[in-house]
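> Sharing the feature lines straight out of TrEMBL:
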TRANSMEM  A:6-26  transmembrane segment
TRANSMEM  A:47-70  transmembrane segment
TRANSMEM  A:76-97  transmembrane segment
TRANSMEM  A:118-151  transmembrane segment
TRANSMEM  A:157-176  transmembrane segment
TRANSMEM  A:188-208  transmembrane segment
TRANSMEM  A:250-272  transmembrane segment
TRANSMEM  A:284-309  transmembrane segment
TRANSMEM  A:344-372  transmembrane segment
TRANSMEM  A:393-412  transmembrane segment
TRANSMEM  A:418-442  transmembrane segment
TRANSMEM  A:454-474  transmembrane segment
Amino acid sequence: MSSTTLGMILFLAFVAATLGITFWASRQTKTAADYYAGGRSFSGVQNGLAIGGDYMSAASFLGIAGIIALSGYDGFLYSIGFLVAWLVALLLVAELMRNSGKFTMADVLAFRMSPRPVRTAAGVSTIVVSIFYLLAQMVGAGALVGLLLGITTEAGKMWTIIGVGALMIIYVVFGGMKGTTWVQIVKAVLLMGGAALVTLLVLGKFGFNLSALLGQAAATSGPKANPGNFLIPGLKYGTDAQGLAGKIDLISLGLALVLGTAGLPHILIRFYTVPTAKDARKSVLWGIGIIGVFYLLTLVLGFGAAALVGKTAIAAGDAAGNTAAPMLAQQIGEDMFGPVGGTILLALIGAVAFATILAVVAGLTLASSSSFAHDLYAHVFRRGQASERQEVVVARISAFVIGAVAIGLGILAQGQNVAFLVALAFAVAASGNLPAILYSLFWKRFNTSGAVAAIYGGLGSALLLVIFSPVVSAPPPAAGAPVTALIHGVDFHWFPLSNPGIVSIPLGFLCGWLGTVLSKEYNAAKYAEIEVRSLTGVGAEKATGH
Amino acid sequence: MTTREHDASVYEQVQESSEFQDLKRRFRAWTFPMTVAFLVWYLLYVVLSGWARDFMGIKLLGEINVGLVFGLLQFVSTFLIAWAYSRHAERKLDPIADKLRHEVEEKTQ
């Protein structure tokens, strides 16, 4: 049996199991709290696993292992930003949000403000961030199938994107938060298990000697003139060729990664799925543990691929290195157990990679459709007059529409270099959402115009700067060098950095401050309420029993 | 609307109470400086990755260099801070928060 057949069988088993879960969850989903927040009845450990399943995207798994395999140390910089970011969520956001919100990020922002403008801004930002992230994953799915299943025709890739999109729509429309959470839990267990297995085999091959693994990685895949550079920063981010702008770009990326997580809507709504703030804390602790261990595994996977597969072979498979982890699985399987072992491990990691994409896109679709229904439809269009039933119907319809839009955009963007969209989603979340959330929770004086200014200021400046950055348009590359800009043939860039965070994050905070002080609005009673509620849990939404 | 206004006045009373102010102070006095500390520690790592590559490349044990150890220390510090926060919250914050919550819920029901 070939690895593509076996991979398909494993993947179909995952699909069958998750569809079963979705069917079960759909029968449990009756109220709005069930649909949006899984009845708030998940335990801290379950939600911790789901946080891992929601957060560890294909960009983390395949992307980081790939960057390490091709550029060495620099992939590690990404993992560290992604992990440390969780401390912001743990210390400042998770518990207070659980105590004072209901279904969406906007619930906390709109608490003491004029609801319509604030919910409109938060809804727009949620949908923009989620669509960017979603698009990156959908395009990744199309590229992955070519590499793993040998489907390379445009039609084959298109049908893969349609298939992934259809499954994601089914999970979200029928299973709601309950179904999506279980899909993410199953995926987290599979991903951790698969990554741990390959890591152990790789370490075992090197006699559990990390230094020997690093040495061979540098010798096989490092620059010929100076292999040691493979083990220090600087081959991908802030290279010597990029000069000062490259180094500042690195800081800019680092800021967006570390401050973005606590502003990502699909992460924030996970805090509502547990009964109390203490469970939210516990789930973030579990999440940090799982995500931290996972990034340690990807470190070994990346250097393992560099050592055993080699940069040349990986770059031939995929220029961005996304196939490094599957290729390593095949190689180490063959080394340890012969050709059959290679076939089985490749199939396993390939199936895990698809499960990873599915769980993440489902979380993103749920976050954006929830915000559309709860913030824009129920509170802005219907001014709070919609019934719970109507809201959930609209949420399901919008999940379908957003899913369809994501499929369409995914097909259109096929073959484009959209990897920057993940970093951009983090930058927007850090620039617009995070200032609004932190000011809402901690700044007495904060008001409607401040919240609106922070979100539109952060979101708008991050988008504008990226449009005029070298990511979107650049001078024609030197002969033989790959074209990296999104638009070919024209050059209208004037912002020197690829990552807008270093400008747009301070700007978002500044807009929030300026908007606040320019408006006289201030509601002392409502601030007292949100402060007391957020710190003590008085009046927090309760779990619904079944 | 009367119940909401009543609620709000209860919240303002609680907000002004010395117990709540104590809870708020204990929360902020721990989390705010710690947030600054781990962000500075992280940015130091990023800045060194950009500007001090020779330092990051100093070998400590075989091929294991300062850069790798520095990166791994970011994992260690993240795990330690998360653990320390949960201890702080359980011992210093939860008891006051629970007591205040019970008091307010009795008043408002």
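Cβ atoms are placed via backbone N, Cα and C, with glycine included.
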> Considering only the recorded stretches A:188-208, A:344-372, A:393-412, state which has the highest number of Cβ pairs under 8 Å to the transmembrane segment (A:6-26).
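Against the transmembrane segment (A:6-26), the leading stretch is A:344-372.
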> Among the recorded stretches A:118-151, A:188-208, A:344-372, A:393-412, which has the greatest number of Cβ pairs closer than 8 Å to the transmembrane segment (A:47-70)?
A:344-372
> Is the transmembrane segment (A:157-176) close to the transmembrane segment (A:454-474), in the sense of at least 3 CB pairs under 8 angstroms with a sequence gap of 6 or more?
no
> Would you say the transmembrane segment (A:284-309) and the transmembrane segment (A:118-151) are touching, if the rule is that at least three C-beta pairs must lie under 8 angstroms and be 6 or more residues apart?
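Output no: the transmembrane segment (A:118-151) is apart from the transmembrane segment (A:284-309).
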> Using Cβ atoms and a strict cutoff of less than 8 Å, what residues sit near the transmembrane segment (A:393-412) while being 6 or more residues removed from its termini?
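Non-local partners: 35-36, 127, 130-131, 134-135, 138-139, 141-142, 158, 161-162, 165-166, 168-169, 172-173, 361, 365-366, 368-370, 372-374, 377-378, 386.
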> If I count Cβ-Cβ pairs under 8 A between the transmembrane segment (A:188-208) and each of A:157-176, A:250-272, A:284-309, which range comes out on top?
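Counting Cβ pairs under 8 Å, the winner is A:284-309.
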> Any chance the transmembrane segment (A:76-97) and the transmembrane segment (A:250-272) are in contact, meaning at least three CB pairs closer than 8 A with a sequence separation of 6+?
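Yes, the stretches contact each other.
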> Please figure out which one of A:157-176, A:284-309, A:344-372, A:418-442 racks up the most CB pairs under 8 Å against the transmembrane segment (A:250-272).
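Comparing A:157-176, A:284-309, A:344-372, A:418-442: A:418-442 has the most Cβ pairs near the transmembrane segment (A:250-272).
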